[in-house]
Amino acid sequence: MFKKYACYLSICLLAAPFVACAEEPLPGLPTLPPVPTEMPIEPQSPLQAALISLPQACPTIGTSLNGPALDQLRAFYQQQDWLPVWADGGQLPALHAQLQLLADDGLNPKRYPVALTAPQDGELCADIEISRYYLQALQDLHYGRLLQSHFEPLWHSDETPRDRQAELLAIAVPGVRNVPAAFDLARPQLAQYQNLRHLYAAQRLKALPQWTSVGNGPLLRPDMEDKRVPELARRLYSEGYLTSVVGTPDNAYHGVLVEAVKSFQANHSLQADGVVGPGTIAELNISPLTRREQLRVNLERFRWMAQDMEPDGLLVNVAAAELTLYQGGLPVWQTRTQVGRAERQTPLLKSRVTRLTLNPTWTVPPTIWKEDKLPEIRKDQTFLSRQNLQVLDANGQPLAAADIDWDNPGNILLRQDAGPRNPLGQMVIRFPNPFSVYLHDTPSKALFDKGPRAFSSGCVRVEHPMKLRDFLLSPAEKARTDTLLATGTTHEFRLSNPVPILMTYWTAQVDGQGRVLYAPDIYSRDSALLAGLDRAH
């Protein structure tokens, strides 16, 4: 009904300019019946009346809430029969205590200024304000203080939106009778989150450690001498990689100092070869304050990740270039990967592995074709034969390279046949996504010993793809793929049970032994996220 009246109204507005210009008066429009209005809601309680007209009843609250927050507040009180929640004051001390503990989660308790005194009879605005901060705290703890889509967007293959309000109210409504239990339910149970939280909680109460920086210079290899060796030893001792400051006669770099450097490199996702180069020095010179703030930044990332993590599936940490297989919520296998370099970043996504391409051909992606291959071909057309690349038209029909104007090649494709030199190796692991990325084998095995491993054009190269295949398939499927691989020709193989895959990004975590593992911030994302958290505080 309302749409019809709106249509009439639109006709009036469109006709108005023509009335002034017309030589003959237009016939009058029919008189519209009055638009019916919704029946006013009869408040069931004074509190409901206050919520209906919150900007007038409680100006300091009503003018600072957006629409979703106000809807959530009203839904919360509706499930409380429109009655005050905090009037008896019994749960306020517990709420205040839980809000202070949010500091251990990297959240600022001052953002939730709840008074310890209970609202008096008739102080409805005070009750509403407490509920507002109670709901906000649970939401920040459960989903993250910031919107992931504004900082590190993650694409989902399942477009069904989650009802976050219903999820949060399922925690918050019964939680008013047991506030600590509500916060425990809201807090992510991921091992990554819990381990990192315990470490951050311990560190935030301590004075920041102090360490000196290590100067830049040429590569420092084992058994070399360098004037920076004493400061390198002091730096490693200050963070516990040496049990004592070792003597460095003649500035010699060897022995336990080399082993300490290797341990540091391994814990920072660097190539653990003992060679001190620019990457190692950059990680050594990150300040203690930045390291502590890095923990807070990644607590926020794990709050985001908790919404997407499934008990079984593949988890790719793009920053560390690692893939972990989970079964029953526990990590059971891990392998190194190579990910996209900074100018061709690997996207973050959640999808499901649905098929394998065995003995794949490689069609050169548009970016690589334009930026990498075409300049090489223009310099030397033998590049095509040397790289075993075939030229095809848009329909996949072969073309003669000599017949193409390489200054204006038009809509053509380059394809490489299956074989040992194919950059996709023996197998591609595919999952639906709009970025045309996938996991795959690679002939570039030597790069897995490097670190950081940001070498690809966006896809994820897997060090042990056949071992990964064995986890994804049943024994019968594995045997079938072995047969197909042996043919040397390209085959598509669909999984009978698709496997979840989550590709995300974090730069610090704590393992089960309490050891902090860092990854270089290869895409320079930490600072923006930290600034967002500080603004939110």
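Even glycines carry a Cβ here, placed using N, Cα and C.
For 1-22, the entry in TrEMBL reads signal peptide.
For the domain 'L,D-TPase catalytic' (312-484), the mean pLDDT of the prediction comes to 94. What TrEMBL lists as domain 'L,D-TPase catalytic' is 312-484.
Around H440 (active site, proton donor/acceptor), the same-chain residues at least 6 positions away in sequence with a Cβ under 8 Å from its Cβ are P360, L424, G425, M427, V428, I429, C459, V460, R461, V462, P465. H440 (active site, proton donor/acceptor) falls within a strand segment according to DSSP. Taken from TrEMBL, the feature active site, proton donor/acceptor applies to H440.
If you look up TrEMBL, you'll see C459 marked as active site, nucleophile. Taken residue by residue with DSSP, C459 (active site, nucleophile) is part of neither helix nor strand, so it is coil.
Packing around C459 (active site, nucleophile) is summarised by its Cβ count: 23 other Cβ atoms lie within 10 angstroms of its Cβ, all protein chains included.
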